[in-house]
Structures are given as C-alpha cells and as structure tokens.
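K.L.:
Take a look at this one; I'll ask things after.
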C-alpha cells in the first residue's frame, strides 16, 4: 500500500509555531483552543495578520518545528509494512526546501530521500492513502483521504478523520 | 493532458556541465560524442571517477546549468495547451533543492511553483506523458513514456524517443 503523509500540521506542528512566535512578539497569550475552525492569522487583529502570513518565509521557521505527538512511532511501524512517502506542498517557499529535507533527516531518518516529495500541489500523486490537514489536497486524491485534525480544520466534515497518530495506527496498522 | 518534464538532461544540461568541470580541472579535452552509451564518469580513468560523482554535491552545480536548446520555447507553447509539471528526482542532493527552484524561477518562470515537483523517485506520479532521460523513471510510468536523448542513453531502445525539443514539439504540439 502506498501512503502519502503531509508534513505541516500532520508530523510538524506549524500551527503551534505560528502561535508561539506571535505570542512572543506581540506579548499575547493566545491558545490553540481559541482558534478552532480558523487559520491562525484569522485569530489576531487585522493589523497583525500580515505578520503571521510572513512567518513561513522566515529562515528557520520550518527547521524549528516541533514534532506532532506520536508521528515518529506510528510512521516507524507503518514504514515497515507499507510504502510511506512524505509529501509536502513546499514549493511556494524556496527557503523551506532545504529546511524540510534537514528536518526529515533529523527526525524521520527512516524515511529515505527516495520517499520524500516536495511539490506545489498534490493532484498528481498516485497512491492508496493520503493523510493531510487540507481539503484542497484531500479532495482531488483518488484513494482514501484521511483528514488529520488541526485547529484550522475542526469544522470540516467531508472527510474521514484522524484526531491523533493513535487514530492513524488504529486505522492502518 | 498532464505532462511531466524532467530537469537534468532534458531542460538542464548536467552532462555537459560534468564534462566542462572535468576538462577544466584535469586539463582534458573530452567531448560528449566520445561518451555515447555511457555515464560521463565511465569515460574517465578510474582514479578520477569519484570526483565526477561528487560534482552533484557541490554548491552551485545545479544553479549554473545551461538550458537544453529549444526547451524554453517548446515548454512555453506546451504550457498554454497542457498541464505541464517539472518533476526532478532531487532529494538525494539537499543543496540542490533551492538551486533548482531558483533556476526554474530564472529560466522557466512561466512554470509556477504549483507545477514543480522535487522528489526521490517518480513511481508515484499520475499523468499522461513523462519526458525523461532515465529508464528507471520511464519504465514504471503508467502513461506515455518519452526518452529524451542524452549521451548516456544512446543505446537504450525500449522507449519512444525524442532527440530534441523540436521532436517533442512535433509529437505533442
């Protein structure tokens, strides 16, 4: 079975990184729970929104992301049984490409370079399962689309859902 | 129609770059015509072969590649009629990722970041046409596989072949 796994919001916690940077720079105390159903930039005053959107163009943003709980353990097991690919829509941010490669080397070394994909959109991927946090990726996918829960997608009901990597293990292991 | 186009040896002249670097550093005068049917490292004395293989890990190697003749013009036209993706197996060389993105920005700006793919292997791409110089990529592809002629693949007979971008235009435009 070929399984594609997204990076941001699925194995790398970009949402929390946005919150942490914002809270520190604007001396705020926003928590992820307050943002359910919204992108993080939609949770801050309008005059701050552009600064959030610019986070992903900063050097080091993607290098410093924390790991989503359970992803290493479950992907280790999945990789033994299935053909697991990391597929990240990263091409919009050229500075992120090397950082994402290095991040995978550090935290997911068992997923070799042969099984890593950095792309612009995921419409052209052919496989059995896609685990992703975005409707725009899950919708066009031909196989089984599993939405991985993130604060911004809490209200989406159109896809099979996994709330955690334990859920993924229950579904696929 | 979805068309995938490889980078090295198809739109970017990596083979000639290997020759140029080698000729300069070893004061040699090898020409591409002498290497037909072989990888360039197979055309040099054994004690020099590792230095060739290391070219692709040098900073700037992919940034400085010359454009394969006709590729800009034909891809401009193909992009107007079809969904054209650049698909390069680049993940083995993390330093190449940004260079390849920048190179495309400079020479193929009409192919937007949405239509660029940097991957490890191409077995998971779903589309209609793949233009590539490598059997390992063309073989597993489900659609129409077109081998773009490069010195190293001159003796391969298992695929439909294009000797130039004019050939591609004749086939696909």
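A Cβ is built for glycine as well, from the same backbone N, Cα and C atoms used for every other residue.
Just lifted these from TrEMBL, have a look:
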ACT_SITE  A:6  active site, nucleophile
ACT_SITE  A:8  active site, proton donor
K.L.:
Let me check the 10 A CB neighbour count of the residue listed as 'active site, nucleophile'. How many other CB atoms are there?
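P.N.:
The answer is 22 other Cβ atoms.
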K.L.:
Would you count the other CB atoms within 10 A of the CB of the residue listed as 'active site, proton donor', including those on all shown protein chains?
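P.N.:
If we count other Cβ atoms within 10 Å of the residue listed as 'active site, proton donor', we arrive at 23.
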K.L.:
Should residue A:8 (active site, proton donor) be counted as helix, strand, or coil on the basis of DSSP?
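P.N.:
DSSP call for residue A:8 (active site, proton donor): strand.
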